[in-house]
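The following features are taken from Swiss-Prot:
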- 1-20: signal peptide (SIGNAL)
- N131: N-linked glycosylation site (CARBOHYD)
- S164: active site, charge relay system (ACT_SITE)
- H369: active site, charge relay system (ACT_SITE)
Amino acid sequence: MTRGALKVTILLVGLGLVLAGSRPISDCGERIEDDGYPMERHEVVTSDNYILTMHRIPYSPKTGESSNRPVAFLMHGMLSSSSDWVLMGPERSLAYMLADAGYDVWMGNARGNTYSKAHKYWPTYWQIFWNFSWNEIGMYDVPAMIDYVLAKTGQQQVQYVGHSQGTTVYLVMVSERPEYNDKIKSAHLLGPAAYMGNMKSPLTRAFAPILGQPNAIVEVCGSMEFMPSNKFKQDLGIEMCQATSPYADMCANEIFLIGGYDTEQLDYELLEHIKATSPAGASVNQNLHFCQEYNSGKFRKFDYTALRNPYEYGSYFPPDYKLKNAKAPVLLYYGANDWMCDVSDVRKLRDELPNMALDYLVPFEKWAHLDFIWGTEARKYVYDEVLKQMQSYE
């Protein structure tokens, strides 16, 4: 048997053990319960009929149930889900930290991801289901979830925390639906993704010049599912990305290639848990919209082509988002080694926000984009500061 064949055999045997035996928990709700916290699932229907699932940690077992708890609403990035906020476990994950601090924690899921692949009328195999970008997530999903949370809890406002695309959709919401500013106590944007003209991610830089140019082919391909999750891919990723696997470094480099190289903040024991939950799926158009942002250097709506734009917007070019409408307090947290959200782009955003409350460059030189959710010292360098700032608004 050749060495290559032997490696394949070992991999398939290991995969069989994963399929037959124990594996990291892939479901967010089950993971929360396994960690000893109370969990609720809630369904929300948007005004354009997408059915979304939220996960809730109503209180911490350390503090017990109480009434009138302030609300923290957490929103994930692209290809991610609510699982990101609990993946590192108690004491280390932001959702658990906030619950321990007395918050009623709600975690959203955008249309098209693992937990929100449903529509009142359209099955997911219809192309029209996937005809959205992060613009629609900001215009419809986040407002619908916030309205539901406020109605359910009786609170008047939420503390918003977003990572990556979770920051983008917040800015879309408050720019284009400014009435939602009144429902936000403060917005904590981790790795804020708005202006992206100086992005260093080699993947985006390689493909954006082609995929970020509107044309008929891109328009057709945009309304498709992008990197969906399924059990086979999860099991294969879990086996290949175990800390003891010969492929562990390859898995780590995949993460570094997206958000920036930082071995000091990556726990190799977490890799198989990441693969159990990510990627969580999205629409191709979400990725194309970010490619357009890189090409244009602007923070603006989706570019459908010069033929369709006049019908959609009344102009040949898509309009910029109205950041002047973002009146709720915004706190920016960003890293010097973030390949997705360059320091210069974040500071351009900072200078355009009318109510900037915090400019926080993470005091760790190699801090990268995905360290905000998976970094071993995320609590020390980011979450403690987020919690302190949130409490100042209570």
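Glycine too: its Cβ is placed from the backbone N, Cα and C atoms.
Just so it is clear, the model here is predicted, and its values are computed rather than measured.
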So if I draw a 10 Å sphere around the Cβ of H369 (active site, charge relay system), how many other Cβ atoms end up inside it?
28
Cβ-Cβ under 8 Å from N131 (N-linked glycosylation site), same chain, 6 or more residues apart: which ones?
G222, S223, S283, N285
What's the CA to CA span in angstrom from H369 (active site, charge relay system) over to S164 (active site, charge relay system)?
8
Does anything in the same chain, at least 6 positions from S164 (active site, charge relay system), have a Cβ under 8 Å from its Cβ, and if so what?
H76, G77, M78, S80, L190, G191, A193, M340, C341, H369, F372
